[in-house]
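Per TrEMBL, the features are:
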- His72, His74, Glu78, His117: Fe(2+) binding site (BINDING)
- His72, His74, Glu78, His117: Ni(2+) binding site (BINDING)
Amino acid sequence: MKAYYLDNEQQVSTTDLDRIGVLNWKLNPEDYEEDLKKIEQERNYGHRSIVNLSESTLPNFGEMMKKFFEEHLHEFEEIRFILDGEGYFDVREKDDKWIRIELVKGDLIVLPAGMYHRFTLTDTKYAKAMRLFVNTQKEPIWTPVNRGENSDSLECRKEYLKTQSVN
């Protein structure tokens, strides 16, 4: 995984990503089940699904990619494991600068609840990803809240900002 500021391409270390709440692992995409189960147990993940992002597999591909690229947050962590292909998560740090995180096959990333972000594919226009969800005893929750006048007042956003005020 590679990360850098979008405005000047200055590298961002995994320590810097940890500081803003972004966690990451590199797993063997051919033999990941045991390692992934440990992470799922430690972090209370209870649901999985696979998504294929490509023009040939995703209905309304262009429309969906535009939707994914809108700046938004979630009330729960966003967890993605790249099984094949590649993509970018852009995340906002506390002073609103964009950090671009390049994900390739084998990368597992966790974005904290309340963090503004967006997603896009690389020029390959293909990624196969496993989505993992926090175990809420119900159906998986993956509701994006686009950045706007109400998003900053959400409890998850306030809690995320509290974690950043100490860093």
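Including glycine, each Cβ sits where the backbone N, Cα and C put it.
Note: TrEMBL annotation is automatic and uncurated.
Not measured: the values here are computed from a predicted model.
Features as recorded by TrEMBL, highlighted on the structure.
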{"residue": "His72", "record": "Fe(2+) binding site", "DSSP class": "strand"}
{"residue": "Glu78", "record": "Fe(2+) binding site", "DSSP class": "strand"}
{"residue": "His117", "record": "Fe(2+) binding site", "DSSP class": "strand"}
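Around the Cβ of Glu78 (Fe(2+) binding site), the number of neighbouring Cβ atoms within 10 Å comes to 23.
For His117 (Fe(2+) binding site), applying a Cβ distance below 8 Å and a minimum sequence separation of six or more within one chain yields Glu71, His72, Leu73, Glu78, Phe89, Asp90, Val91, Arg92, Leu111. Surrounding the centroid of the Cβ atoms of His72, His74, Glu78, His117, where the record places Ni(2+), the chain contributes additional residues within 8 Å, namely Leu73, Leu111, Met115, Tyr116, Arg118, Pro144. Within 10 Å of the C-beta atom of His72 (Fe(2+) binding site) sit 20 other C-beta atoms, taking all shown protein chains into account.
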